[in-house]
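Trainee: I grabbed these lines from Swiss-Prot:
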- Asn2: N-linked glycosylation site (CARBOHYD)
- Asn15: N-linked glycosylation site (CARBOHYD)
- Cys322: S-palmitoyl cysteine (LIPID)
- Cys323: S-palmitoyl cysteine (LIPID)
- Met1: N-acetylmethionine (MOD_RES)
- Ser334: phosphoserine (MOD_RES)
- Thr336: phosphothreonine (MOD_RES)
- Ser338: phosphoserine (MOD_RES)
- Thr340: phosphothreonine (MOD_RES)
- Thr342: phosphothreonine (MOD_RES)
- Ser343: phosphoserine (MOD_RES)
- 330-348: region 'Interaction with SAG' (REGION)
- 62-73: topological domain 'Cytoplasmic' (TOPO_DOM)
- 134-152: topological domain 'Cytoplasmic' (TOPO_DOM)
- 225-252: topological domain 'Cytoplasmic' (TOPO_DOM)
- 309-348: topological domain 'Cytoplasmic' (TOPO_DOM)
Amino acid sequence: MNGTEGPNFYVPFSNATGVVRSPFEYPQYYLAEPWQFSMLAAYMFLLIVLGFPINFLTLYVTVQHKKLRTPLNYILLNLAVADLFMVFGGFTTTLYTSLHGYFVFGPTGCNAEGFFATLGGEIALWSLVVLAIERYVVVCKPMSNFRFGENHAIMGVAFTWVMALACAAPPLFGWSRYIPEGLQCSCGIDYYTLKPEVNNESFVIYMFVVHFTIPMIVIFFCYGQLVFTVKEARAQQQESATTQKAEKEVTRMVIIMVIAFLICWVPYASVAFYIFTHQGSNFGPIFMTIPAFFAKSASIYNPVIYIMMNKQFRNCMLTTICCGKNPLGDDEASATVSKTETSQVAPA
């Protein structure tokens, strides 16, 4: 084995020279230079400074403007709530531990940080699944004049939390475990060991199949069908130009969210899968640290995409920030096409 396993940790560094110490008790400066830990802390500080205001503003603006409280926006707000969980439950912890060079909060703090990070990531993934299904049902119309209403949105939000908890909670109750990863300053699922005492192998397989592969299959299926439907509708001119443009803009926004999710999380998932399927292989702490910390940037991109691509929300946000006046002078009529709500279109 090229790493050192302890009772509740796995350090990707051989203890042949006797330098490895528990990441819960001692600085891990034998893994990297102190300045590298400081860089991680600076990165986490940046994510907090950007992540909290933009996600909080997303929630606040929606509460202030009734016109934004559409069913589809419930799912988008769910993403903002999940991001805030990551900011407060994970980022603040990782910032503090990076400044100290080890996970100072012990195994209990590791469980909390790992739980919030996993919960936030899974809520985001399952929210994208719900959005993909919504786009498929509304645009492809397999159920005729189906309209995505408030009850559907509430059920969708509840579904994302149930599925996310089904992934994030088991390690807290003895099925798998959360341990420090990479430079030992943040925590995640144990991909490093089989750990039969906690049935770790079965949990990791369950996680990759149920909470990553299946959601990806659903998302790609929905958007694959959607592309064909949009092409047919365009060729036959079955819907009004305004309706087509509105549906196209919403669909494009959600697709960009999916692409951004893949960019942030696929490197982490790929490295985790490699580590799990190559037990005992030789890899350094940076190998997992970079994708793990890069994945944390996911807390920023969803609200940024939403603000950039939804003109109505952008106008409402500027009005809120500027105390009731929009400096751009855009009226609501110009934003009608960009409203993030589903239209009820006659079936093909």
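Just so you know, glycine gets a Cβ as well, placed from its N, Cα and C.
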Trainee: For the recorded sites listed here (Cys322, Cys323), tell me which residue's CB has the most neighbouring CB atoms inside 10 Å.
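Mentor: For the recorded sites Cys322, Cys323, the Cβ with the most other Cβ atoms within 10 Å is Cys322.
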Trainee: Let me know how many other Cβ atoms fall within 10 Å of the Cβ of Asn2 (N-linked glycosylation site).
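Mentor: So the Cβ neighbour count for Asn2 (N-linked glycosylation site) comes to 12.
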Trainee: Sorted by position, what residues of the same chain at least six away from Asn15 (N-linked glycosylation site) have a C-beta under 8 A from it?
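Mentor: Once residues fewer than 6 apart are set aside, Asn15 (N-linked glycosylation site) is near Thr4.
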Trainee: How many Å lie between the Cα of Cys323 (S-palmitoyl cysteine) and the Cα of Asn2 (N-linked glycosylation site)?
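Mentor: Asn2 (N-linked glycosylation site) has its Cα 59 Å from the Cα of Cys323 (S-palmitoyl cysteine).
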Trainee: If you average the pLDDT over the topological domain 'Cytoplasmic' (62-73), what number do you get?
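Mentor: Averaged over the topological domain 'Cytoplasmic' (62-73), the predicted model reaches a pLDDT of 85.
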Trainee: For the topological domain 'Cytoplasmic' (134-152), give the DSSP counts of helix residues, strand residues and coil residues.
Mentor: 10 helix, 0 strand, 9 coil
Trainee: Where Cys322 (S-palmitoyl cysteine) and Asn2 (N-linked glycosylation site) are concerned, what is their Cα separation in Å, rounded?
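Mentor: Cα to Cα, Cys322 (S-palmitoyl cysteine) and Asn2 (N-linked glycosylation site) are separated by 57 Å.
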Trainee: Using DSSP and three states only, what is Cys323 (S-palmitoyl cysteine)?
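Mentor: Reduced to three states, the DSSP call for Cys323 (S-palmitoyl cysteine) is coil.
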